[in-house]
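For reference, the structure is listed below as structure tokens.
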């Protein structure tokens, strides 16, 4: 199999990278109608598999779970989750032949083996669904020409898919049809019905492409969503302790600080996040973020370049073939860091203190979000898609750190995201340690900014620059479709 993206000519690559359209709510008047009365079989019962299935069943669809024979016989976690929630469970051979739609929600590294097992069992004219297109785009999986291939990709972890549905809402979602596999022209109808069954149509749906979803998703998770949070956590913790902060306080400020800071980001973008700072602190955070952007642009560009060329995926798949030797080694290294092993802190940190004592963290968030967005757009990815893959998902990932630090983040995200996270942070940490962290001044981290001198013209210009950045312009529009977003952050 060959990387699908690399088989396209330049015009085709640009067309698929740039495919992104915000769908009107009127396009979902039929909601789940196209799949009513049809058999939907989900392969895999992890976070996405279980929670999407629960939503789809509650939306009136016929859902069953196909699991490997060994998983059923040994009553593994996937079998227990499916049966405890009252779903029909069977082997591939029992359930796949009767399915109108087979949804593959197993981890990326299992996709090829799963598809090779289920494809011969699928009836003629059935549909195959994904929630991430890496198997199609990067691996280059070849699907039978009579099979329709679609994607519904929620822009959040599976648990959030379920929680928002229970609230009568949903999560923003990308949908797509693989242009090589839409023999009956029904792919979009299938994808729309599946998305509606998860509740996505109530939060906003983007019609995209497999290519755009994969390339933007990889870029977001490697840089701002996971890589920058990991690098920032390690750097900021070490800096706080080196400056005399109590290790427990330093750990808590970082662990809960990302979540608290990005909650403002979720509700009002970079503008609101920066507005939570005093004016002197805002000016300082802006200056720091500009320094970070200049310093880190080549690193962000390299990640985007390696994603576009397929270099990233080929390296990761080589590690799959080597039993995840690199991934598991990097995971162990992270578990041994000072931040991960910092003591608990019983003291109270107020919500505002996370901002006042975390000016550098705010600057890191601003720089990372803007850089990821800018480079995706420069590469041909449409602004709406770049927004969802940078700013929108960040509070959800930050929330995982608040639970069990970096360990929890790396458990919740996919192995693909975790592998890319380590590639980024392993370069970012020494780069910033050598060229940036030593230039910090009092008030950047762990203490409030004390300089109260304000230049009105400078403040005016900074506010204008923040509010008119392209990610803020598109973000205001997209957040208008998500007026019922619940508050995540609780602080500590």
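Cβ from N, Cα, C; glycine included.
Here is what Swiss-Prot records for this protein:
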ACT_SITE  132  active site
BINDING   45, 46, 47, 48, 68, 76, 78, 108, 109, 110, 158  NADP(+) binding site
BINDING   217, 389, 393  Mg(2+) 2 binding site
BINDING   217, 221  Mg(2+) 1 binding site
BINDING   414  substrate binding site
DOMAIN    15-208  domain 'KARI N-terminal Rossmann'
DOMAIN    209-344  domain 'KARI C-terminal knotted 1'
DOMAIN    345-485  domain 'KARI C-terminal knotted 2'
Number of helical, extended and coil residues in the domain 'KARI C-terminal knotted 1' (209-344), per DSSP: 115 helix, 0 strand, 21 coil
Residue among binding-site residues 221, 389, 393, 414 with Cα closest to the Cα of residue 68 (NADP(+) binding site): 414
Cβ neighbour count within 10 Å of residue 45 (NADP(+) binding site): 27
Pairwise CA distance, residue 78 (NADP(+) binding site) versus residue 414 (substrate binding site), rounded so that it is a whole Å: 17
Neighbouring C-beta atoms (10 Å sphere around the C-beta of residue 158 (NADP(+) binding site)): 22
Arithmetic mean of per-residue pLDDT over the domain 'KARI C-terminal knotted 1' (209-344): 97
Number of Cβ atoms other than its own within 10 Å, given for residue 221 (Mg(2+) 1 binding site): 25
Residue among binding-site residues 45, 47, 109, 221 with Cα closest to the Cα of residue 393 (Mg(2+) 2 binding site): 221
Local backbone state of residue 109 (NADP(+) binding site), from DSSP in three classes: helix
